[in-house]
Amino acid sequence: IVFDIVRRKTEVESAVLRPRGIYTNHRSSVRPSPLVSYIAWIMSLATPPTETEIDEGATVIQSTITDDEQSNGLSRSRAERQLLRKLDLLIMPVTYLLYILAYLDRSNLGNAKLQGLEASLFPNDVSGNQFALLSAVFYIAFLSWQIPLTLAAKRFSPNIVIGFVAVAWGVASSLQAASFNYAGITTARYFLGLFEAGYSPVVPFYYTLFYLKSEHGFRTSLYVSGAPLASAFGGLIAYGVQHIRSGVATWRILFLIEGIPTVLVGLTAFLVLPSRPETTKQLNETERELALSRLRREVAAEENKINWKHVIASLTDYKAWIVCLIYQSLCVALASISVFLPSIVRSLGYTDTKAQIMTVPPYACACIVMIFIAKISDRHGIRGPFVAVALALSGIGYTILLILPTGATKARYAAIILAVTGTYSGFPVSISWSIGNAGSETRRGVNMAMLNTIGQSMSILGSYIYPSHEGPAYIRGFSICCGFA
């Protein structure tokens with residue numbers, strides 16, 4: 001589905017950027033499935049292109065650029081479209097899948113709670129403070145390590161950083177299943193937050209190394225749409241795990257099922273993701289030159305090092321701080337929803353098992369609206385009004401939850417859908433807004449780290465606003481989220 005959204009519906013007339021052996025006739029109306037195409041790409045990367053293919057590619061790209069510049073300087077050349085398609089095939093599936101797994105690993109705590117995690121490891125937590133701290137410790141580590149790891153991605157190859165942290169957080173997530181006391185699972189959650197801090201803020205920065213402003217906004221939104229999609233899948237997975245009959249606690253099985261695949265995909269990232277346009281082996285020389293020339297239209301070239309003047313410029317830019325404060329408002333609700341939505345839905349009168357599957361519709365709706373808003377935002381080239389619309393939707397949803405009586409189950413569930421949709425829809429547009437205003441590679445990296453560090457500081461607050469004893473009304477939690485929106 002993601003592939004079909006991203007890929008361009010263009011007629012391919014040249015074999016220079018195709019997977020070898022896939023399309024034997026460019027006039028054929030029969031095309032392989034996206035999965036087959038992607039697998040073929042990965043297999044074709046094992047051997048470099050021949051000199052004939054490179055020469056043909058140089059001829060096609062050079063002639064295309066000349067023709068397009070003569071006909072219309074504003075239109076994207078066919079060679080650029082082909083290059084974009086290749087970059088999308090290399091970058092988008094892996095980063096999207098890893099973000100789904102990252103969000104599964106961070107948000108499965110709420111489902112594990114309904115499967116007996118509290119009763120097994122900290123049964124005396126009547127006030128809910130221990131569970132809140134367990135949720136907050138992830139964000140404490142996340143906050144502490146975001147800037148160092150984002151700058152590491154600037155200093156070293158981003159694909160290496162992404163692959164390393166993915167394998168590491170997959171191991172940390174899986175080790176939660178081996179916890180036999182509160183200290184053990186708290187330690188595992190800390191390291192989970194530490195290594196995820198090297199992924200979530202790094203990928204939007206990574207996109208800016210290959211895509212223009214008009215291109216990375218929608219792709220960032222596709223990437224971030226993995227958050228509600230992961231939460232929807234998390235509800236389905238938890239629902240299935242709940243029915244497993246085993247001598248092992250189901251919450252332990254849940255951590256293993258959602259942790260081990262991350263290690264495998266992280267290892268794949270080492271091999272598949274390109275490093276930088278100027279050094280990657282996945283592009284031939286002509287493609288690298290085209291990729292760099294595209295980026296020079298918007299951003300001055302930088303060496304592979306940190307420009308400390310640009311770091312200071314980002315830290316003293318009031319516009320960057322304003323976007324960070326807006327992002328904070330989204331993060332309060334975002335952090336609390338990801339952990340406490342199963343408990344909130346259960347308070348409507350559903351059983352533990354039914355509550356987990358009833359979390360799917362809000363996230364599915366949020367995923368669709370998020371992509372739609374991002375596409376419209378890219379088309380019009382503005383971000384602020386769309387962030388305002390998303391915050392308004394969220395605020396209306398929380399206001400309805402505060403007004404309606406607890407017995408109005410269906411209406412409150414509809415308000416939950418509205419609140420979740422608004423919260424998630426503003427998330428990717430805010431990210432694109434921040435990095436789109438940065439002028440250099442260093443500033444983009446710092447802006448992204450600032451956005452997540454300042455924004456996620458409110459995620460710690462979000463971990464404490466829905467104590468169990470305040471349900472089903474949850475006046476404090478809904479009021480705080482409504483106020484920030």
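Cβ coordinates come from backbone N, Cα and C, glycine included.
As recorded in TrEMBL:
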type: TRANSMEM; residues: 87-104; note: transmembrane segment
type: DOMAIN; residues: 91-485; note: domain 'Major facilitator superfamily (MFS) profile'
type: TRANSMEM; residues: 131-153; note: transmembrane segment
type: TRANSMEM; residues: 160-178; note: transmembrane segment
type: TRANSMEM; residues: 190-210; note: transmembrane segment
type: TRANSMEM; residues: 222-241; note: transmembrane segment
type: TRANSMEM; residues: 253-273; note: transmembrane segment
type: TRANSMEM; residues: 320-345; note: transmembrane segment
type: TRANSMEM; residues: 357-374; note: transmembrane segment
type: TRANSMEM; residues: 386-407; note: transmembrane segment
type: TRANSMEM; residues: 413-436; note: transmembrane segment
Outside the transmembrane segment (87-104), six or more residues from its ends: residues with CB under 8 Å to it: 2-3, 6-7, 37-38, 41, 162, 166, 169-170, 196, 199-200, 203, 206-207, 210-211, 219, 222-224, 226-227, 229-231, 233-234, 237, 258, 261-262, 265-266, 268-269, 272-274, 282, 291, 338
Distal contacts, the transmembrane segment (131-153) - CB-CB under 8 A, six or more residues away: 106, 109, 113, 118, 122, 125, 161-162, 165, 182, 185-186, 189-194, 196-198, 200-202, 205-206, 306, 335, 339, 445-446, 448-450, 452-453, 456-457, 459-460, 463-464, 467
Best-contacting stretch, by C-beta pairs under 8 Å, relative to the transmembrane segment (160-178) and drawn from 190-210, 222-241, 320-345, 386-407, 413-436: 190-210
Cβ contacts the transmembrane segment (320-345)/the transmembrane segment (357-374), at least three under 8 Å, sequence gap 6 or more: yes
Intrachain neighbours beyond the transmembrane segment (190-210), with Cβ under 8 angstroms and 6 or more residues off its ends: 87, 91, 95, 98-99, 102, 105-106, 137-146, 149-150, 152-154, 158-159, 161-162, 164-166, 168-169, 172-173, 176, 216, 219-220, 223, 274, 276-277, 291, 295, 299, 431-432, 435, 441, 444-445, 448-449, 451-452
Cβ contacts under 8 Å made by the transmembrane segment (413-436) with residues that lie 6+ beyond its boundaries: 204-205, 208, 213, 216-217, 220-221, 223-225, 227-228, 320, 323-324, 326-327, 330, 333-334, 337, 341, 344-345, 348, 358, 361-363, 365-367, 369-370, 373-374, 377-378, 383-384, 386-387, 389-398, 400-401, 404, 444, 447-448, 450-451, 481, 485
Leading contact stretch, 253-273, 357-374, 386-407 vs the transmembrane segment (222-241) - CB distance under 8 Å: 357-374
Positions on the same chain near the transmembrane segment (386-407), where near means CB under 8 A and six or more residues out: 326, 329-330, 333, 347, 373, 376-377, 414-423, 425-427, 429-430, 433, 472-475, 478-479, 481-482, 485
For the domain 'Major facilitator superfamily (MFS) profile' (91-485), the mean pLDDT of the predicted model: 85
